[in-house]
Amino acid sequence: MHFFEEKRKEVMSHIEPHMLEKMFEYLKPIDTIWQPSDFLPDASRSTFFSEIKELQESAKGLSYDLIAVLVGDTITEEALPTYESWLTMVEGVSDNEEGGWMKWTRHWTAEENRHGDLLNKYLYLSGRVNMRMMEVSTQYLIADGFDIGTGHDPYRNFIYTSFQELATNVSHRRVASQAKKDGDALLSKMCGVIAGDEARHAKAYKYFIEKIFEVDPNEAMLAFEDMMRKKIVMPAHFLREVGLKIGQTFGHFTDAAERLGIYTALDYVDILKELIEDWHIESATGLEENGEKARDYIMNLPARLLRVAERMKNPMLEYKFSWING
Ligand SMILES: [Fe+2]
Ligand SMILES: [Fe+2]
C-alpha cells in the first residue's frame, strides 16, 4: 500500500509541470470570463422589475421535467465544497499548498463556483421554484457528501472527473436546447456558457490521464477498468428532499433527465467511447497481463452497455418534487 501511494505521488509530480504549462489553455482569465451578472437583471437599473417580469414570462414555458432537471443540476453545482475538499485529499495534490495541483484545484473551483451561482439566481427570479425546498436539498447534499469509488487515487479521480465533466457538458447543453424550444432564450444562453466551461474542464482532466497513460500505462488501465466496473455514479447520487432518506430523490431526478433526453444511458456509452478513443486504449502499449485483460474488458464494454440500454424503457413514473411550485 505504501509503495502504491509513493508511486502515485511520483507520477503526480512528474505531470505537474505539464499541467502548469497547459493550465491556462483549459481555464480562462478571471478578468474577462463571463460572470453571472452578465446574464441576470441588474437591480441598480430602473428597468429591473420589467426585466424580471420578462424573465418570468419566458420561464412559464419551461416544462415540469425541465425545471426538475434544472433544480437537480443546480444543487449538483452548489455542492462544490464537497468536490473541492475531495480533490485536496487526492494523493499528491495538497503536499505543497502553493504547488501546481493546489493551484489547479483552486482555479478550477473558482470557475465552477459561477455555475451554481448563476443557476441559483435564475431559479430564484423565475418564480417557478420553492426555494426553501431546494435550499434544504442543497444543504443535505453538502452534508451527506458522496461516495464515488475513487478513494484518494489520482488516477481513479481524474478518470472520474474526465467522465463527469463530459457528462455535465452534455446535460447543460441539452437543457440549453430544450429551454430554447420552450421559448426561454436567456436560460438557453446561460446553460450554453456553462456547458462551454465544462467542455474545457473535461479537456484538462482528459489531458492529465493521457499523461498518466504515457508514464504508467498498466496502472492507468487497471484504474480505468475498476472505475467502469463500479460504474461512474453522478456526484449528486445522495440527493434527497426534506423528510426523505439519503439518495431517495436522485432516481426521480435522473428519470426526469432520461424522459427529456437530457442525459441518458446512451450518453453514458458515448462518453465511454470518447474516452476510449482519446486515451488510445486500443493501441496502448506497455501493458502487463492484468492490464491486457483490463483493456479487453473496457473495449467490450460499450457494446455490452448498448445492449442493456436498448432494453431499457423510458421511465414513466411521474413524481411530484417538493422543489417545484404548483
Ligand atoms: Fe459545473
Ligand atoms: Fe464541471
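Glycine is no exception: its Cβ is also placed from the backbone N, Cα and C atoms.
Just so you know, TrEMBL annotations never went through curation; they're auto-generated.
TrEMBL annotates Glu165, Glu198, His201 as Fe cation 2-binding residues; of Glu112, Glu135, Glu225, Glu241, the candidate listed for that same site is Glu112.
Here TrEMBL has Glu112, His115, Glu198 binding Fe cation 1, and the candidate from Glu77, Glu78, Glu84, Glu91 in that same listed site is Glu77. Shown are the binding-site residues His115, His201; of these, the residue with the fewest other Cβ atoms within 10 Å is His201. Listed in sequence order, the binding-site residues among Glu77, His115, Glu165, Glu198, His201 whose CB lies under 6 angstroms from an atom of ligand 2 come out as Glu165, Glu198, His201.
Residues from the binding-site residues list (Glu112, His115, Glu165) with a C-beta closer than 6 Å to any atom of ligand 1: Glu112, His115.
A gap of 5 Å separates the Cα atoms of Glu198 (Fe cation 1 binding site) and Glu165 (Fe cation 2 binding site). A gap of 9 Å separates the Cα atoms of His201 (Fe cation 2 binding site) and Glu112 (Fe cation 1 binding site).
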